[in-house]
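Asker: Mind looking over this structure? Questions follow.
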Amino acid sequence: MTSDETLAVLIRYLDNPNPTVEEAVEVFTPMTIGEYDDVHIAALLATIRTRGETFADIAGAAKAFLNAGRPFPVPGTGVLDTAGTGGDGANTINITTGASLVAAAGGLKVVKHGNRSVSSKSGSADVLEALNIPLDLDPERAQRWFEASNFTFLFAPAYNPAIAHAQPVRKALKVPTIFNVLGPLLSPVRPEFQIMGVANPRHGQMLTEVFRELGRTRALVVHGAGTDEIAVHGTTQVWELKADGEIISYEITPEELGVERCDLTDLVGGDGVENARHMRAIFDGTGPAAHRNAVAVNAGAMFYLNSQADSLREGTAHALSLINDGTVADWLKTHEEIDYRG
């Protein structure tokens, strides 16, 4: 039951068109511990949606839920996390997930913080499970898997259980809310580097500013021709947080990345099992060029962000070489055969 004191905090926030980050932390913290009735959660989410999410809304909510979350027992220094908002409706193969595996095979430290499918046929957890990559590891075993392979998957509900307090309301509302952009910001490892794909480009600049507020050293927010990843079917909008704190924005095409343009229909996938088959085909050299290139340009951004490449184009070329010479296929074969649950 919402207390009078908590209700007063909520009302002040609902009446404030320009809240501060600190005020947002204050209003979202009761939600993380179940102090709001569902009707008050709905009022908060609907108000923010109606007036439009602000930098303070997103940064403050992220800080509140990170404070309530369970951290992963690995320092974030040198670690990269990558996730997208989803919701683009494209139902592509799991491009960002595949790119994460390429990056790990290439020596980057990658944490994939994600969930099962919400708006598509296959979420990151669905395809990784079909690739025999462990999902249900406790923190100690997940750390062991990470140290052995440079990669681990952190199942979002296990590390951010406070999100569950808002789930009934989100399901009942059946409209996008601030939580649709919040999830990727809540990485339990507090990574130094992060790439986030957004389905709605209007969030690009704001989310890059949020990454700066959350202490990321470098970050990329991308929107690729209607999808929440770097596109090989069209032009990608990029917002880049540089190491000195400057934020720049630009566009990049498949041709500038050094790959052929394709149609979005060439990238349509299926469920987790089908997308895992596509992933293996990419890595063993039997898959379509469009699939390989889509994974490579997104992995290339990871190499660029971690200063392993001087440009997105150079990063793409490096990712393609790792796929073409069998490095990624060998990496996957090695680590799917080891049982990290014991």
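Just so it is clear, glycine is given a Cβ too, placed from its N, Cα and C backbone atoms.
Since this is a predicted model, take the numbers as computed values, not measurements.
Copied straight from Swiss-Prot:
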type	residues	note
BINDING	Gly84, Asn115	anthranilate 1 binding site
BINDING	Gly84, 87-88, Thr92, 94-97, 112-120, Ser124	5-phospho-alpha-D-ribose 1-diphosphate binding site
BINDING	Thr96, Glu229	Mg(2+) 1 binding site
BINDING	Arg170	anthranilate 2 binding site
BINDING	Asp228, Glu229	Mg(2+) 2 binding site
Asker: With the cut-off set at 10 Å between Cβ atoms, which of these binding-site residues ends up with the most neighbours? Options: Asp228, Glu229.
Answerer: Glu229
Asker: Within 10 angstroms of the C-beta of the residue listed as 'anthranilate 2 binding site', what count of other C-beta atoms is obtained when all protein chains are considered?
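Answerer: Other Cβ atoms within 10 Å of the residue listed as 'anthranilate 2 binding site': 18.
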Asker: Under a criterion of Cβ-Cβ distance under 8 Å and sequence separation of at least 6, what residues of the same chain contact His113 (5-phospho-alpha-D-ribose 1-diphosphate binding site)?
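Answerer: Listed in sequence order: Asp81, Ala83, Phe153, Leu154, Ala156, Tyr159, Pro184, Leu186, Ser187, Pro188, Val189.
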Asker: Taking DSSP three-state, what's Asn115 (anthranilate 1 binding site) in: helix, strand or coil?
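Answerer: DSSP assigns Asn115 (anthranilate 1 binding site) to coil.
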Asker: Measuring Cα to Cα, how many Å separate Thr96 (5-phospho-alpha-D-ribose 1-diphosphate binding site) from Gly84 (anthranilate 1 binding site)?
Answerer: 8
Asker: Among the binding-site residues Thr92, Arg170, Asp228, Glu229, which ones place their C-alpha within 10 angstroms of the C-alpha of Gly84 (anthranilate 1 binding site)?
Answerer: Asp228, Glu229
Asker: Taking Cα atoms as reference points, rank the binding-site residues Thr92, Asn115, Arg170 by distance from Asp228 (Mg(2+) 2 binding site) and give the first.
Answerer: Thr92
Asker: Under DSSP, is Asp228 (Mg(2+) 2 binding site) part of a helix or a strand, or is it coil?
Answerer: coil
Asker: At a 10 A cut-off on CB-CB distances, which of the binding-site residues Thr92, Asn115 has the highest count?
Answerer: Thr92
Asker: What is the nearest of the binding-site residues Asn115, Arg170, Glu229 to Thr92 (5-phospho-alpha-D-ribose 1-diphosphate binding site), using the Cα of each?
Answerer: Glu229
